[in-house]
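> Just passing along the structure, written as C-alpha cells.
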Amino acid sequence: MSERIAVIGSGAFGTALAAVIALAGRSPVILVGRNPSLVADLKAERLHDAVLPGIALPESLEFSAEAEAIAGASIVLFAMPSQAQADAARQYGPYLSKDAVVVTCAKGIERTTGNLLTDMLERELPDHPVAVLSGPGFAADIAKGLPTAMAIAAADMETAERLAQAISGRTFRLYASDDRIGVQLGGALKNVLAIACGIVEGRGIGESARAALIARGLAEMSRFVVAKGGQADTVRGLSGLGDLVLTGTSHQSRNLRFGIALGRGEKADPLQGALVEGALAASVASRLAAALSISMPITDAVSAIIDGRLEIADAIEQLMTRPITTE
C-alpha cells in the first residue's frame, strides 16, 4: 500500500521525524507548521538551525503552513507538545482524509482530565484510528541519521505493523505494539522520573542514587501501567525502560536539565523557556495514582518539590526512611 505522510509540528522532533521518513524514500512526506515565515525559510534553506543546527533537510521533504496541506495523507503525525494536541486536532481535523490514521508523538497526559492523548484524540477525531509513537529518541540523533529504535502502538497489531513499516527507515526502526496504554504511560512517567534523576545529579548525591531511582522508578511505572490496563512487559521495553535510561542520564533531556536546576536550588519555571513535559505530568500522575491507591513515592516527591510543598532534603529523607519492604 502506498502511503502519503504528513507531520504536523515544525519543532525539533516533528522536523526530525519528517526528515528521517523522507530519507527512507518510500513515501512522500510533508511537514506542516503554523508559522508561514518559518516554513518559507525551511523550504528555501533546507535548514532548521534554531532547533537542529547544521543538519540539512532532504530535498524530497515538502513544506506547508496551510492546514489543508494534510488532505490526501494516509498517515498524519501530531508532533506538537502534549497540551497543544487537542487544539491541533480541532484545527486540522476537518482536513483529514477519510481513512487517515492519526499518530500522536507527544509524551504526556492531558493535564485537565488526566486522559491519555490517544483517548483525547479519539474524542476529538472519532472517525479516525489513533496510534502513538514513543520511545528513546532525541530529535538531533534522529535527524543526524544515528541508529534509533522506538515503539509505535495502535489499537490492533495490523495497524501498528502497517505504521511501523511505513515510518521506519535505514537508521530509524519502529517496533509494533497493541499496548497503547503502556507505551503512552511509559513516555509520560519517564519524564517525571528523569526530573528526579536530574535532582540527584544537581544535588550531587551520587550515581548510586540515580541507579536506585531508575530501578525503583521503573517499579512505580509498572504498577501504574498495570493498574490502568496496560502490560508490564511494555514497561520493560523501549517506551519504558529504554526511554527512562536515555532521559535519566543524558543532558540532551530537557527533563533531566530541569531536575538539575532544581537540585542546584535554581529557580526553574516549567511554563517558561524549554517545555518540560515531566513538570506538567508530575502532579497529574500523582493525583491519578492516589485515586487508584497506587504507591508512587518518587513521583509524589517530584510533584511536591515542583509545587513548592516539599524541600529536596526532606524528600530524600522521606524516601530513604520509608518502611523496609521486599523488592
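All residue numbers here begin at 1 and follow the chain in the order shown.
Quick reminder: no glycine exception, Cβ is built from N, Cα and C everywhere.
Note that the coordinates shown come from a computational prediction; the quantities given were computed from them, not determined experimentally.
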> Look at the sn-glycerol 3-phosphate binding annotation in Swiss-Prot, where G135, K190, D243, S253, R254, N255 are given, and name the residue from K107, K228, K267 listed for that site too.
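Within the candidate list, Swiss-Prot flags K107.
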> Under a three-state reading of DSSP, tell me whether N255 (sn-glycerol 3-phosphate binding site) is helix, strand or coil.
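For N255 (sn-glycerol 3-phosphate binding site) - judged by DSSP and reduced to three states - the answer is helix.
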> Using Cα coordinates, what distance in whole Å links R34 (NADPH binding site) and G135 (sn-glycerol 3-phosphate binding site)?
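Rounded to the nearest whole number, the Cα-Cα distance is 26 Å.
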> In DSSP terms, helix, strand or coil for G135 (sn-glycerol 3-phosphate binding site)?
coil
> Let me know the most crowded of the binding-site residues, choosing from R34, K107, K190, R254 and counting other Cβ atoms within 10 Å.
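The residue with the most neighbouring Cβ atoms within 10 Å is K190.
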> Around the Cβ of E277 (NADPH binding site), how many other Cβ atoms lie within 10 Å? Please give the count over every shown protein chain.
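Result for E277 (NADPH binding site): 26 neighbouring Cβ atoms inside 10 Å.
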> What is the biggest Cα to Cα gap, in Å, among K107, G135, K190, D243, S253, R254, N255, the residues listed as binding sn-glycerol 3-phosphate?
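Output for sn-glycerol 3-phosphate binders K107, G135, K190, D243, S253, R254, N255: max Cα distance 15 Å.
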